[in-house]
Amino acid sequence: MDELELLRQRLVSVQKEQTSQKLSERNCIEIISKMIELKMIDMINTSGGKEFVTPKQLENEIRDEILASGGRVVVSDLQPLLKVDLTYIQEKVNYIVSRDRSMQLYYGEILTRYYLDSVVEEIHETLQEVGRLDINDLSQRFNLNVEILSDAINLRLGKLIQGVFDSDILYTQAHVNRHKSKVCGLFTSVTKPTNISSLCKQYQMNERLFHSQLAELIQSKRINGQIQGKASQAEFIPTIFSQSRSKWIDSFFTQNSYIQYSTLTQLQIPDPTSYLKNTYKNGVALSSCFVSGYIIENVDSFITEIIANSGWMDVSTLVPSSLGNKDVAMVIDSCPAMKDKNNRQAIVLNDFFIVSQSFVDRCFVLLEKMIQTKVEKQAIIQESIATSSGTTATSQSQSKLSDSTDSTSSKSSGKQSGGGGGKKSKQQQIEDERPTKQKGGKKGGSKKGGKRTNDDSDDEDDFTSSKQQQQSKKKTSQTPKVDHLSDIIQILTKSFENMEEELIQALAQYLRPKVNQIWETLVKEAKEKLETETIKSRKGQQQELANAFNTLYQNALLFKKGLEDLDPASTVLHKHLLKTVCTNLANLVVEINGSYHMVENCNCDTPAQRSAVISQLPTAIAKNLEKLIKCLTKDTVNDFMDTLESVCEQSQIHLKSLDKKSEKNLLESHQKELYEQLQNDQDIGNQFQAIVLLLYIKYKKHLVHISPRSIGTLVQTLSQQELIPDQQLLKTLTEAQQDVVNFIINKSEKKEDEESLTKKLDILKNALHVPTSTTTTSS
């Protein structure tokens, strides 16, 4: 104390002393600010700028303000009171709250424990008065967050406040007990299922307490019953009602062996399936009802019986009438005899008909016989049509050959034989229009293509066959499908008169795909067989056409060579050859192309028919064929033969040139035929023509295709060139020519003239070593 007093006196004396220099207020502020900056002192400047406060003093002033505000103050409200920047205040508030657990900072407000205690005490007083308080109302009343208020109440429950806090409702214990008594009395009087929510609303119960108290009363056995459902659909089922309901369900199920789910739903059972499964372990749950195991056993025994006896049955007569088709189907699936789906011995039709597999097989065998009979009948008809068409085509080809033979001048062309011609492949129409290269051949080939080998011929035939098969398959795929449902129904009705009509319809629908499939299979096999035969026949026809063409082409070359040797400038002989042999050649080329391109009618007997065939061919081939036809009207054969080679090259018809061996064989063949004609034909004109041709072949080694009117040209050639060394024979030939002409023109009936002419012909025959025979005239 003495030292303190001494210091005080010294301070007073210093203050009384007169100083030579004084610091202004501004200087003092600057000095203090500099010291604060240099951290020599720790002070906080006020908002006025003339006062400074220490941090400790600021903390004390904040605590004083909290206390003065009753334990609750907003941080932002402290600034005007303390006149310090808000940053320093917030910093110091955070420091205070972190050190003092009785305070908390919540959304910019400082709340103390004693403030919350006073709030809870006030709530307690109000609760005792009203018995029930809502936390939301209290939050608005005290302007506090619900979370803060709830935490405060829970911490002080049973201490500063007496009651029950259920979520956001606060009750007194007396209020809870009173509400529980109401719930107990209400549900004790209920005797039937009742909706809990409707009772709560009707009697204005507290819904929060209502459900929890009801569950508590049921659990403690104070109320006998149970709750079914959830939320607003929850119902209270009294025990007495459940017992009477269970007795009725058991009685009905025992008597009828089934019960519908809709019945249990009307009895207010929310999950009938689970209820029945738990109650009756040996039953089976169906889609709309529940049946006992006895029904399943009964149906299974009947199924086993019909399997053994190869019969059928209607399951609907063995089950309750209220079961639908789906239920009946489920009953069938539940039978042990039908559970093995991979090895079933019976099938189900229309959900309630069961037919043994052996009976189905028997029906199928019966229907299969019917299908085979129909297919055989149809195959016979198609085969007869194909045979008739093939016979027609063959007869037309043979007719063409005979016409060609007759047109070669009084049967001088002989029978046709030799190699065949090929055709080019057709993939697209544009490829048909392109000229194709011919394959090289053996020696003796034509100018523009070699002779086709046997391998080439086989390849051509194979390709033609494959093309025809593809076209026939296309036609087959376009054939409309045949349905035999009506035939199946008719046969089943006739075979099984006691079978139900509905079962007949169902069984027919079941067998329908199999029957249609076997029909398609058999028809396909029959068509393939017929197509194979047709293709084989067509190949034979094409081969015949090719052989005829080659033989006729060889004859044409032979006649052309003979014509060039006789009189190359003779227009009459050229036109006759064009009109006969060349015309037949052109017709055969058109027919060969028409046959290859699958033209239905390839007959070219008349120009109109030939034009019709050409119009159906590809454009490039048709143009060349028309050009070939035009060459028939020209004066020489050369243009026709050149054009024919071009057409054959495009059509891949390989031409065989006339070599010495072929020429010799042809001449020998014609000689043989002419000899036969002399022996068999009794017509004087024909005999004389054959004699002249034989003499020409013998001495000139050529054969000319000549008309009967031009036979004198050959006689004149034989006379002028002195080819016949026997002058008497030559004289006889000349006289015989004149006599034949006179005989034909005058048609003399004098027997002397005929005998004289016959003797001359016999002399000529003897020169040719032909046996003489009696000759008669023809009209």
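Glycine is no exception: its Cβ is also placed from the backbone N, Cα and C atoms.
What TrEMBL says about a protein is an automatic prediction, not a curated fact.
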Range annotated as coiled coil - as stated in TrEMBL, picked from 314-341, 482-509, 622-649: 482-509
Residues from the same chain, set at least six apart from the ends of the coiled coil (482-509), whose C-beta lies under 8 A from its own: 312, 314, 349-350, 353, 355, 360, 363, 366-367, 370-371, 515-516, 519, 523
Helix, strand and coil counts within the domain 'E3 UFM1-protein ligase-like C-terminal' (663-766) (DSSP): 84 helix, 0 strand, 20 coil
Taken over the domain 'E3 UFM1-protein ligase-like C-terminal' (663-766), the model's mean pLDDT: 79
